Amino acid sequence: MAAVGAALGPLVTGLYDVQAFKFGDFVLKSGLSSPIYIDLRGIVSRPRLLSQVADTLFQTAQNAGISFDTVCGVPYTALPLATVICSTNQIPMLIRRKETKDYGTKRLVEGTINPGETCLIIEDVVTSGSSVLETAEVLQKEGLKVTDAIVLLDREQGGKDKLQAHGIRLHSVCTLSKMLEILEQQKKIDAETVGRVKRFIQENVFVAANHNGSPLSIKEAPKELSFSARAELPRIHPVASKLLRLMQKKETNLCLSADVSEARELLQLADALGPSICMLKTHVDILNDFTLDVMKELITLAKRHEFLIFEDRKFADIGNTVKKQYEGGVFKIASWADLVNAHVVPGSGVVKGLQEVGLPLHRGCLLIAEMSSTGSLATGDYTRAAVRMAEEHSEFVVGFISGSRVSMKPEFLHLTPGVQLEAGGDNLGQQYNSPQEVIGKRGSDIIIVGRGIISAADCLEAAEMYRKAAWEAYLSRLGV
C-alpha cells in the first residue's frame, strides 16, 4: 500500500521541515549527481517525528496483511525505527551488524533467532534495493524466512522490481512521485524542481535480474555520454567543446599543475609533457622571471602539442577589480590563458566582471565549487551556490574545480586537484585521492596533478602513468 491516508501529507511536510528532503545538486555514493538528497538520520533527535514515522511503517505492514514473527531494521538509519516499532507493539527484534565483531560472539545477527520464523525488514529509503537484499541474505543464512520489507520512501528507481525478483515484496509508505506531489501542493517546491527530479529518476533506473541472471523488463539507465559526444552538445561552451575533442583525440584527461618558479622549467615541462596532457595549469604569480614573451612561447607549445592553458588565478574580488586583474596589470592573463577560475564568495559580480573581458576573446571560466584541502569551507550550500551561478552564466562558465561531480549537466566540466596514484596527504592539509576514485567513482572529468609528476625522477614516465590511470578510469565509467 503506497499511502496511509490523511496522515501522509503532514508526515511528508514534517520530514521536509526538518530537512530530511533536500533539493539542489548532490553527489551520491555512486558518484552520480542527483537533484535530490534524502537523509532521515536526523529524526533520531526528534522523538515525536521518530514515533510518527515508526507508527506509519507499522500501520503499512498491518494494512498489507503481512504475517511475521520478528523485525529487523537495515543498518543504520532504520535501526531506531525498528526499535520503536518493536517496543511499542511488543514484537521481538533482531539487529543485523554491517560487519562481524572480532570479539565476543562474533555474530552478524544479534537477538533470539528461531530458524523457520519470518522476519520483516524495515528500511528508510529504497533506491536499488541492494541494502534490503543484503540484510535479507544475512537473515536467511540464519535460517529465517524473509518475504516482505516495509520502506518509508521508494525512490522508484528499480528497487521494488529487484526485490521482487528475489522473492521479497516491497511495501512503501510513500513513493518519491507522491512526495513531490505533496510538497508541490504545499508550495514547498516549485514545478521546475519537480520536473528535474522526475527526469533524473526516469533516466536512472537500476536494472533488476532474476535468479538465473536474465534481466527483467524495466528501463535501463542510459550510458554516460563520452567526451566526444559531450563536445557536440548544442549548448556546450566552445572552449569546453574544444577541450573535450582534444581529450578524446589524445586519450588524455590529465592536467599538469606546473607550479614552478622559473620560466625555463615551465617551458621545458610544457614541451616534454605536452603530448600527455590536455591542459597545463599555471600560477604565474610564483614565476620569478615572468614576461609576456614567456607566455607567447607557452602558447606556441600549447598549439604544437594540443593542450589548453589554465591560469589558476582564483579571482575573488568585486567585478570591477577582477576585470582589471584579468585584462591588465603585469600578467595580462586574458591575452594568453584559455581558462581561469574564480571563487563564488563575491557573488555573481565576479563572473560578470571576468566575462566582460573573456567573452570577446573566446575564453572560459571555472568556478571553485569544492577544494581538496582539509577544513575547506567550500561544501554544502556553498557548493550548491557555485552550481547555480554556473548555470546562470553558462555563456562564460564552462565547469567547476571540485572533488567530485557537482552538476548533472553534461555541458559542464569537472576538474579535480589533489590527485596521486596512492591516496594520502601532506603536512599542509592537502588531501590526495587516486585517479580511479576521482574519475571512476566520483564522476569528475579531469585530474589535476602537480607534485606527483614534477617531483618524480622521470617526469614523462610519471605523466604517462597518471594519464593512463585517469583514462582507464574514464573508460570504466563508460562501461568500455
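Positions of Cβ are set from backbone N, Cα and C atoms, glycine also.
As given in Swiss-Prot:
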- A2: N-acetylalanine (MOD_RES)
- 2-214: region 'OPRTase' (REGION)
- Y37: phosphotyrosine (MOD_RES)
- S214: phosphoserine (MOD_RES)
- 215-220: region 'Domain linker' (REGION)
- 221-480: region 'OMPdecase' (REGION)
- S257, K281, K314, D317, T321, S372, Q430, Q431, Y432, G450, R451: orotidine 5'-phosphate binding site (BINDING)
- S257, D259, K281, T282, H283, D317, T321, S372, Q430, Q431, Y432, G450, R451: UMP binding site (BINDING)
- K314: active site, for OMPdecase activity (ACT_SITE)
- D317: active site, for OMPdecase activity (ACT_SITE)
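Features per Swiss-Prot, on structure.
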residue	record	DSSP class
Y37	phosphotyrosine	strand
S257	orotidine 5'-phosphate binding site	strand
K281	UMP binding site	strand
K314	orotidine 5'-phosphate binding site	strand
T321	orotidine 5'-phosphate binding site	helix
Y432	orotidine 5'-phosphate binding site	strand
R451	orotidine 5'-phosphate binding site	helix
Among Y37, K281, H283, D317, which are recorded as recorded positions, the nearest neighbour of S257 (orotidine 5'-phosphate binding site) by Cα: K281
Fewest other Cβ within 10 angstroms of its own Cβ, chosen from the recorded positions Y37, Y432: Y37
Those residues of the chain, 6+ apart, with a Cβ under 8 Å from that of H283 (UMP binding site): D259, E311, D312
Residues that sit under 8 angstroms from K314 (orotidine 5'-phosphate binding site) by C-beta distance, when 6+ apart in the chain: N341, A342, H343, I368
Other C-beta atoms that fall within 10 angstroms of the C-beta of R451 (orotidine 5'-phosphate binding site): 13
Spatially closest candidate among Y37, K281, D317, the listed recorded positions, to R451 (orotidine 5'-phosphate binding site) (Cα to Cα): K281
